[in-house]
Amino acid sequence: MDVLYSLSKTLKDARDKIVEGTLYSNVSDLIQQFNQMIITMNGNEFQTGGIGNLPIRNWNFDFGLLGTTLLNLDANYVETARNTIDYFVDFVDNVCMDEMVRESQRNGIAPQSDSLRKLSGIKFKRINFDNSSEYIENWNLQNRRQRTGFTFHKPNIFPYSASFTLNRSQPAHDNLMGTMWLNAGSEIQVAGFDYSCAINAPANTQQFEHIVQLRRVLTTATITLLPDAERFSFPRVINSADGATTWYFNPVILRPNNVEVEFLLNGQIINTYQARFGTIIARNFDTIRLSFQLMRPPNMTPTVAALFPNAQPFEHHATVGLTLRIESAVCESVLADASETMLANVTSVRQEYAIPVGPVFPPGMNWTDLITNYSPSREDNLQRVFTVASIRSMLIK
């Protein structure tokens, strides 16, 4: 894997810097490195593809070295270099695709394609060994079963979940009280509602709670907490739990009271915040518990009082909500996040070449399915294919 990264890094630098008119002295070190790559690869044969619709391709390396010059690089020099670069880039691209479409239930962190296994040989270590990529660094750590650490921005840690629970219900669905939520990606939105605006509740207050368990532990997380849930701020028609009917939700938004968010690890509270909004942090956690209250306003203008009558019908429904968004965090496991395209890269290649469903990943690389059942086998394979996708993205956009 590190050899593949080094190949890609050398080729990217060569493609960017070996251009007509450049002084040879400015790129002499790069050309020496480029020639070392050619020397190491010459005389070797590889085969890629042969799975799904990914075609079999054979690769043979027999290239001349780039020479030295006291002057600027001319058109002939650059054309010779470009022919070599283009062949190598095509080779790296196909090795990456060949690796990205394979999976294994055992030792999925190790190379799975014949071409990458061959590149793992000791003789290829002479190719400008470079371990500067976060993905490569963590792949090496995971390969040795040592602790890894990925930094993510808006990590897709929450499987998609959108539903509701009713704490008070009746067949007519005209005086409901409960909670509805939408968890997806890096964000939780939860709303508590009471059609009667807590008119008969103790102290005219309804208590709500929402607990979310993560599939992986996050550490050093920067989080935004807001006293609102905008996705539940407009009228909608909702299917009943049994699917037999629908009910109408017409929210009027109040500010939540006594808001508390707890971050827990293995059942132990690590961080707690009360009535604090904006940016907060959490050291390490695998569970988030949100609790908040809906309090009937003790004093209301006639207009507000008309919204919340003391008896049915309740045409407007008192609602309070919270939004929690993980802006950045560190995780030992690889995840999809907002700043990278690894999941899309892997998925698009597998779709384009009609790769059959294997023993590890769900059909279509469905992220909600994948993260919901994030087994050690999936974790190993995902880290490997994301690492390869990061290498491919250096050359192929």
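Placed from the backbone N, Cα and C atoms, the Cβ positions cover glycine too.
The structure displayed is predicted, hence computed values, not measured ones.
As annotated by Swiss-Prot, region 'Interaction with the inner capsid protein VP2' applies to 62-73, with the evidence given as sequence analysis. With a cut-off of 8 Å between Cβ atoms, the residues of this chain six or more beyond the region 'Interaction with the inner capsid protein VP2' (62-73) that come close are 18-24, 27-28, 31, 34-35, 38-39, 41-43, 80-81, 84, 87.
Annotation comment: Swiss-Prot describes His153 as Zn(2+) binding site. If you draw a 10 Å sphere around the CB of His153 (Zn(2+) binding site), it holds 14 other CB atoms from the protein chains shown.
For Asn266 (Ca(2+) binding site), the count of additional Cβ atoms within 10 Å of its Cβ stands at 10 [all protein chains shown]. Here Swiss-Prot flags Asn266, Asp286 as Ca(2+) binding site, drawing on sequence analysis.
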Query raised in the report: Can you check what DSSP calls Asp286 (Ca(2+) binding site), collapsed to helix, strand or coil?
Result: strand
**Report entry** Alpha-carbon spacing, Asn266 (Ca(2+) binding site) to His153 (Zn(2+) binding site), which is rounded to whole Å
**Finding:** 24
Query raised in the report: So how many other Cβ atoms are close to Asp286 (Ca(2+) binding site), meaning within 10 Å of its Cβ?
Result: 17
Query raised in the report: Residue counts in helix (H, G, I), strand (E, B) and coil for the region 'Interaction with the inner capsid protein VP2' (62-73), per DSSP?
Result: 0 helix, 1 strand, 11 coil
